[in-house]
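Below is one structure, written out as structure tokens; the observations come after it.
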Amino acid sequence: MTDYKATLNLPDTAFPMKAGLPQREPQILQRWDSIGLYQKLREIGKDRPKFVLHDGPPYANGKIHIGHALNKILKDMIVRSKTLSGFDAPYVPGWDCHGLPIEHKVEVTHGKHLTADRTRELCREYAAEQIEGQKTEFIRLGVLGDWDNPYKTMNFANEAGEIRALAEMVKQGFVFKGLKPVNWCFDCGSALAEAEVEYADKKSQTIDVAFPVADADKLAAAFGLPALAKPAAIVIWTTTPWTIPANQALNIHPEFKYALVDTGERLLVLAEELVESCLKRYNLEGSVIATAQGSALELVNFRHPFYDRLSPVYLADYVELGAGTGVVHSAPAYGEDDFVTCKRYGMVNDDILTPVQSNGVYVESLEFFGGQFIWKANPAIVEKLSEVGALMHTETISHSYMHCWRHKTPLIYRATAQWFVGMDKQPSTGEPLRERALKAIEDTQFVPAWGQARLHSMIANRPDWCISRQRNWGVPIPFFLHKQTGELHPRTVELMEAVAKRVEQEGIEAWFKLDAAELLGDEAGQYDKITDTLDVWFDSGTTHWHVLRGSHDIGHATGPRADLYLEGSDQHRGWFHSSLLTGCAIDNHAPYRELLTHGFTVDESGRKMSKSLGNTIEPEKVNNTLGADILRLWVSATDYSGEMAVSEQILQRSADAYRRIRNTARFLLSNLSGFDPARDLLAPEDMLALDRWAVDRTLLLQRELEEHYSEYRFWNVYSKIHNFCVQELGGFYLDIIKDRQYTTGANSVARRSCQTALYHISEALVRWIAPILAFTADEIWQYLPGERNESVMLNGWYQGLSELPEGTELDRAYWDRVMAVKAAVNKELENQRTAKVIGGNLQAEVTLFAEEGLSADLSKLGDELRFVLITSAASVVPFAQAPADAVATEVEGLKLKVVKSGHAKCGRCWHFRADVGSHPEHPEICSRCVDNLSGSGEVRHYA
């Protein structure tokens, strides 16, 4: 028996079937480095329009987790797709370097005995070490960027730039010193930003406390009574007994009704709506003898339960009726609403009682409780209230309460002297900051769109921004305050520039070692040099100033404004937020044009990632087992607008999808063996109809993908590429062309037409996947035929695709109908294989009973219909002639019948044909194969 294998154009490529990504990816990284890929991109992009994605800096502490990987991969996919779309898209990675976590790490490692200077020195060393580790991990993910020159908030230039940004805000009148309640952590010994606060359940002791009336006549008049018949008190309810020693007022709602309730021994003032529940809680009987509008009780004085001072009634809209008594006890030093209300009633800072120190211990001079830690003092306070007859009720509840995100310990509001950026303070020119920021939000694009309402709500309701911290490792607030007046030096902005110049040379240490006389001369004795440092959110929030127009000037045609900020949804209250405020304060616009928010990673059951649950996914482990491209494919396949599920099983599914895409690429490459585009590429008009359709379909898909990429809809990109590989290519086109590719003459029009289409598809596909499968795309690029540059990323979207001309007889709609018919035939062929009627599809002969229009369409292909259906014979018969055993299909106007061929099998093309053996020199093959071997070769027109 003759072996005809050598006469076939069998596929051949060195592109490996097995990806081996964990081993191959590091080699590709080395190649990118050796060719200077990032620098080459900057060179070829210098005259292109710019697209700047500004990197939100991760904190320089610890190994990267799956959230970091997700974030950096999303950014890289955008930068790569923008590059392919013709933009110069630089990517400068950054790191957030100052702040408490690093200072805390240094203290834990080296002890708390360190001097401030030594602490800063060790913090700088630690941050640098952490950055190197994280940098290696980010590069391993395939993230293209300026890794040799990243920005770091601890770089001297950036520290100096931050001081200059603060000076701009001082100059415009946004910065002030004030006493205000701020989120305070006893363990940090510092104020916390809103973004550093998290909520967790806490058990608290609630108390109902009676404050005896001090002005009985005024209270009686408020209730429309001539006098009070017995002692009276107003009752408050609180979950913070420790604040009672700092009570200075009582807040009620002006529009609620309040009742005077006779309980026998005394009269109680309670919100009318809550009388019944309160009396039940106190185990008392009582009756309402009078009611009054809350506004009538304004400025009625009551007495503190155990201190000799008054507590006046103030009106406040924030009082609620959900729980308690409808009366809120006010300790202005320890509650933001209380503080605002007391200030509205004329209380000055010196009047506000602040008995709790920075470590949570009452000052020694506080009567009864001096020297006690506030949480431990609660029982003593309750006991004192009981002793004086003021305690109405106490119980323990569990409720959501603010905690430090680092120490996981409860926080308090604590009024301290701090530096603030005023939200509603009138600047020297223009609108207040809140107004500016809200306008800027309207001018910003949000992806997803709901982010706009979320950020708007946060800005609309936020308090002034406390920007000062009492720590060592941070950018200093370089102010000099007059010792007598407490006022800033009149030349503050000028002095800040002098400090910035020193910091540019020596880092933040320059301020801390500075002798005031060096800048102030003879005035030095009149001023205090302050040692507060800036909130780390000010560090990262001003990168648009000290990075984009400073250390890494972007040279954007429209100024130092990023096109895109991209971070997790928590950054609406973090980096997006602080950047918006500083941008609007300095430049009167947001520092970004568009904000993209991604969700958090969860496991496949929707649970948060947690080491205790054992459901964390470590990027390093994925890189070393499956490869970074699998992680990148998972990111692209997942809708980032909500929670993003990831697990070993989910990543395995991504690996399966990857194999399908890789196998498609390998098929394309292997069938381009011997193809030289410079020599063999056919013009569109010389190609077969099916091949022209395949190129046209590729062009249409490319247009869709470009749009999805521009809208950052990567899951649509992934699904469409995957479906194209599996369905339109694998399930239709590539199956059909195998016969023509393998059996026709090596240099025949039929084969070169097919290879031309495969070449165009390959050139397009390798670019489509480049933003997602960064390593694999560049690997494929090395195996494509024809002259090419060193990396797929040095190119744009493929421009060699052609559209089917209008009026083409076998147009898109035609091939859609053919695909539907082929799907129906495939279904019946599978049934016949299952029933053992046929062994393989080529053993089948199919008769199509079609209505007139469909019959005419299918008949256009003539004998080539069998190649489309991949059967040994196919005939089209009028629908009316369908026998009873013809199978109905889902295609309207189509029935079909499959029978097993009775002919011999061709030993070369494997078709079962009547003419097998008709040529005496080749008794084992069909006449078509004989013609392809020794004759002029078969001619194909369509498929």
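Cβ coordinates are placed from backbone N, Cα and C, and glycine is handled just like the others.
For 58-68, the entry in Swiss-Prot reads motif ''HIGH' region'. Annotated L-isoleucyl-5'-AMP binding site per Swiss-Prot: E567, in sequence order. What Swiss-Prot records for 608-612 is motif ''KMSKS' region'. Summarising the annotation, Swiss-Prot assigns ATP binding site to K611 and lists sequence analysis as the type of evidence. Residues or ranges marked as Zn(2+) binding site by Swiss-Prot on the basis of sequence analysis: C906, C909, C926, C929.
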CB-centroid shell, 8 A cutoff, Zn(2+) site C906, C909, C926, C929, site residues removed: T743, G907, R908, W910, H911, R913, V916, I925, S927, R928, V930
Positions whose Cβ lies under 8 angstroms from the motif ''KMSKS' region' (608-612), at least six residues beyond its ends: 65-67, 600-602
Minimum Cα separation from E567 (L-isoleucyl-5'-AMP binding site), reported as the residue among binding-site residues K611, C906, C909, C929 that achieves it: K611
E567 (L-isoleucyl-5'-AMP binding site) - helix vs strand vs coil (DSSP): strand
Pairwise Cα distance for C929 (Zn(2+) binding site)/the residue listed as 'ATP binding site' [Å, integer]: 64
Counts of helix, strand and coil residues, the motif ''HIGH' region' (58-68), according to DSSP: 3 helix, 1 strand, 7 coil
Integer Å distance between the CA atoms belonging to C926 (Zn(2+) binding site) and K611 (ATP binding site): 66
Rounded mean pLDDT for the residues that make up the motif ''HIGH' region' (58-68): 95
For C906 (Zn(2+) binding site): intrachain residues, at least 6 apart, with Cβ closer than 8 Å: F912, R913, V916, E924, I925, C926, R928, C929
Per-state residue totals over the motif ''KMSKS' region' (608-612) - DSSP helix, strand, coil: 0 helix, 1 strand, 4 coil
Other CB atoms within 10 A, centred on C926 (Zn(2+) binding site): 28
Residue, out of the binding-site residues C909, C929, whose Cβ gathers the largest set of other Cβ atoms within 10 Å: C929
Other CB atoms, at most 10 A from the CB of E567 (L-isoleucyl-5'-AMP binding site): 20
Cβ neighbour count within 10 Å of the residue listed as 'ATP binding site': 7
Three-class DSSP secondary structure - C929 (Zn(2+) binding site): helix
